[in-house]
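Per TrEMBL, the features are:
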- 15-484: domain 'Major facilitator superfamily (MFS) profile' (DOMAIN)
- 12-40: transmembrane segment (TRANSMEM)
- 52-73: transmembrane segment (TRANSMEM)
- 80-98: transmembrane segment (TRANSMEM)
- 104-125: transmembrane segment (TRANSMEM)
- 137-157: transmembrane segment (TRANSMEM)
- 169-188: transmembrane segment (TRANSMEM)
- 303-319: transmembrane segment (TRANSMEM)
- 339-358: transmembrane segment (TRANSMEM)
- 370-390: transmembrane segment (TRANSMEM)
- 396-417: transmembrane segment (TRANSMEM)
- 429-452: transmembrane segment (TRANSMEM)
- 464-484: transmembrane segment (TRANSMEM)
Amino acid sequence: MVFQKPPDGGWGWVIVVVSFFTQFLCYGSPLAVGVLYLEWLDAFGEGKGKTAWVGSLANGIGLLASPVCSICVSSFGARPVAIFSGFMVAGGLMMSSFAPNIYFLYVSYGIIVGLGCGLLYTATVTITCQYFDKRRGLALGLISTGSSVGLFIYAALQRELIELYGLDGCLLIVGALSLNILACGSLMRPLESPSSPQPEKMCVDKVPDQYFVYHEKEKTIEENISILEKGYIDEKCVNNVPDCKQDIILNKNVLSSINVNEKDTYKKKVVEQTNFCKQFAKRKWQLYLTYWKETMVLFKNKVFSALFVAILLFDIGGFPPSLLMEDVARSANISEDDYYMPLISIIGIMTTVGKLILGILADFKWVNTLYLYVTTLLMTGVALFAIPFAKSYLTLAMLSGILGFLTGNWSIFPYVTTKTVGIEKLTHAYGILMFFAGLGNSLGPPIVGWFYDWTQEYNTAFYFSGFCVLLGGFLLLLAALPCWNACINQSSKLPPNTYSYKVASNA
């Protein structure tokens, strides 16, 4: 398929608008699942750890399945995937309204909605990158705010719908709203040249001769002929047993009627097709080997290894507040009359602000994005340690705003990855890191919920969360210190007898 040059405008701005609303509609409910979490606790009477799996799966399964999502978008295109995923998200939300137990929600809300969100995220990012080149950063930044705005609005919307129509009615209405994703997906027109020929289905008969690199002996040709004859006969025998003998006789008559030249041509085609299959399988195997070799090379980079640990620990510790902050307020016996705004809404709007401000800071040449990211991790750990000391709505609202702003470091994470591994390996490295981010999203809230089930208070849980984030931040800081490179360079320049001299002196 031949693509046009990215227009950096025109219909591309329509793509930005529909991608914004797509992320708004699909991620609004899963990110604001903390409001539903309280209702599920009361409705099913399960433990906090078990109930937290619903929201953590919805937010983590899309990242865990990111390789599958990328394959689907590459194979079918952004528009079909977006429309299909819109049905998944809407259907999963509506099915959740009929959930008889928490295990049903694991599938309907956690897996179906989560996988649909992952597919939609990949589709929106892919088609936006196709339409933009010079303004790609601006376009991606605009569509990424859709999820944060969705978190801000859906937190208040779902609470209001629950009061008016109950939990089941809320999920039905939210699912109906998600059907608007179908309209957004239909506007994701693929960027391809109208004069380009339609892709033809690959036919082995049209394979160029340069692909056939093997030269088989006559013995192999006869074996291939017999294999094809046997496969043809076996297929006929399985599909139509009474006519099996008649087909065998007919097949022999057809083969015997072929003259010598036609038979040689047929044999040559069989050999060519067989060799093409061998070559194709060999190339695929080499691609897999190359992928794993490149992965091992990435993990030899100490900063990348520390970054993957940091992102895993950050999502284990930093994601639970967006899911559990409402329950933290209820556990602190804060009256609903003191609520001026849902805490999750505060996290959502401050995440948007954080993405914009941190993204702007990352564009300054004098700002080291890696150290900026480490700073956000360390500050997040300190804020998590402060949550057990917050006993009023005002202090919880302030901490929610701080955590939301710091969570906006997702906007600079691609910059950090690029600085660590280089632009050539960005796609490969980013896919690996997103997998571990999804793993952290899936494990974080249940772990915090289990801590509450064991201790009947959130203090220990958030101390654990803060420790995880601080540990990841310190490991990344140590790996990124320039003194390591200086020590390596200095040791490599030392003469051969310097090290032995120092050892002898110490002795």
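Residue 1 is the first one shown; counting continues down the chain.
Even glycines carry a Cβ here, placed using N, Cα and C.
Just so it is clear, the model here is predicted, and its values are computed rather than measured.
Of the candidate ranges 303-319, 396-417, 429-452, 303-319 has the most C-beta pairs within less than 8 angstroms of the transmembrane segment (464-484).
When the stretches 12-40, 137-157, 339-358, 429-452 are ranked by Cβ pairs under 8 Å to the transmembrane segment (396-417), first place goes to 339-358. Most Cβ pairs under 8 A with the transmembrane segment (137-157) among the ranges 80-98, 104-125, 370-390, 429-452 are made by 104-125. Between the transmembrane segment (80-98) and the transmembrane segment (339-358), the number of CB pairs under 8 angstroms, six or more residues apart, is fewer than three, so the stretches are not in contact.
Within the model, the domain 'Major facilitator superfamily (MFS) profile' (15-484) shows a mean pLDDT value of 79, rounded to a whole number.
Within the same chain, residues 19, 22-23, 26-27, 29-30, 40, 53-63, 65-66, 69-70, 72-73, 78-79, 81-82, 84-86, 88-89, 91-93, 95-96, 140, 143, 181, 185, 188 sit at least 6 positions outside the transmembrane segment (104-125) and bring their C-beta atoms closer than 8 Å to a C-beta of that stretch. Note: the stretches the transmembrane segment (370-390) and the transmembrane segment (303-319) are in contact (3+ CB pairs below 8 A, sequence gap of 6 or more). Contact check: the transmembrane segment (303-319) against the transmembrane segment (429-452) gives at least three Cβ pairs closer than 8 Å, residues 6 or more apart, which meets the contact criterion. The transmembrane segment (339-358) shares more Cβ pairs under 8 Å with 12-40 than with any other stretch in the list 12-40, 52-73, 429-452.
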